[in-house]
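Scroll down for the structure; my scribbles are underneath it.
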Ligand SMILES: Nc1ncnc2c1ncn2[C@@H]1O[C@H](COP(=O)(O)OP(=O)(O)O)[C@@H](O)[C@H]1O
Ligand SMILES: CC(=O)N[C@@H](CCC(=O)OP(=O)(O)O)C(=O)O
């Protein structure tokens with residue numbers, strides 16, 4: 001390497017010192033969406049960024065989905081996925097797939113790959129002899145347009161999080177990897193939308209940041225046009241866009257989760273494109289950030 005190049009590299013390291021200090025010991029909850037995990041290159045870069053964050057003393061916690069992998073396994077089993085307000089209707093057969101694929105295969109794959117990249121990770125799933133579950137909850141009750149109760153089967157919402165377990169892992173330098181399932185007081189497993197699971201973890205841990213990594217550059221005015229990205233979205237505008245149908249499908253629980261999290265004191269919430277190389281690091285150390293930031297008001 002030429003001396004000049006080496007000096008530039010050293011300059012970059014010194015520049016990074018400010019933001020590394022700023023975020024040292026602060027918790028960032030990273031929601032890894034199933035859609036971005038379908039892109040092998042994107043996943044590799046994201047996991048390396050997470051290992052970097054942990055190495056420099058930040059405290060990343062990963063909450064992951066796996067919607068695409070569940071739907072694939074369902075179609076192999078000749079089951080038809082059905083979504084209501086962005087949530088998967090979950091009967092017993094579907095729940096079995098969620099447990100095997102999301103809480104099992106996907107969860108362990110993420111932890112193993114982080115270890116392959118030199119980091120340390122702990123898969124926190126309820127499967128197997130050592131039940132490592134950290135999310136506890138109850139069946140989700142959704143209301144339809146006329147206030148009627150919608151039956152979603154084995155779908156849950158998180159009501160409590162094992163904070164101590166997560167704190168201990170973070171302080172021991174292990175990245176917690178949490179699948180989006182919860183257990184009821186009776187030990188019944190429930191399928192939880194991963195955006196709402198990430199929200200619950202961010203709230204419980206008093207996270208500095210909550211970052212949703214998806215396969216779009218953020219919330220758009222026209223979902224098929226990247227140029228129509230909304231950089232800053234207020235709570236009021238978000239509710240309006242959901243009502244008008246501009247925000248639809250998988251983006252609904254994401255935005256709803258952001259709005260609820262804002263009310264509970266998490267400082268910064270962003271929806272960003274996980275396929276963009278180093279999107280996580282860019283989000284942390286650029287002032288404006290990337291993607292869509294959700295705020296209470298401007
Ligand atoms: N207004 C919108 N702006 C951007 N994406 C939207 C919007 N409305 C709906 N979507 C859809 O939401 C999807 C992201 O949600 P989802 O598929 O659940 O991803 P993830 O697996 O990351 O949670 C996008 O791929 C897009 O098709
Ligand atoms: C109740 C419910 O909808 N659960 C989700 C859990 C996975 C998820 O949310 O994954 P993504 O982040 O990839 O969308 C599901 O079954 O698809």
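Placed from the backbone N, Cα and C atoms, the Cβ positions cover glycine too.
Just so you know, TrEMBL annotations are computer predictions that nobody has curated.
Values in this document were obtained by computation on a predicted structure and should not be read as measured data.
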With 66, 67, 191 listed by TrEMBL as binding substrate, identify the candidate in 44, 82, 88 belonging to that site. 88
For residue 67 (substrate binding site), the number of other Cβ atoms found within 10 Å of its own Cβ: 21
Three-state secondary structure of residue 67 (substrate binding site) from DSSP? helix
Relative to ligand 2, which of the recorded positions 31, 67, 254 have a Cβ found under 6 Å from one of its atoms? 67
Just to be sure I understand the contacts, which recorded positions have a Cβ under 6 angstroms from any atom of ligand 1? Candidates are 31, 66, 67, 88, 191. 67
Would you list, in sequence order, the residues of this chain other than 66, 67, 88, 191 that have their CB within 8 A of the centroid of the site's CB atoms, where the site is the one recorded for substrate? 34, 65, 70, 71, 90, 98, 102, 180, 193, 194
Expressed to the nearest Å, what is the distance separating residue 31 (site 'Transition state stabilizer') and residue 254 (site 'Transition state stabilizer') at their Cα atoms? 10
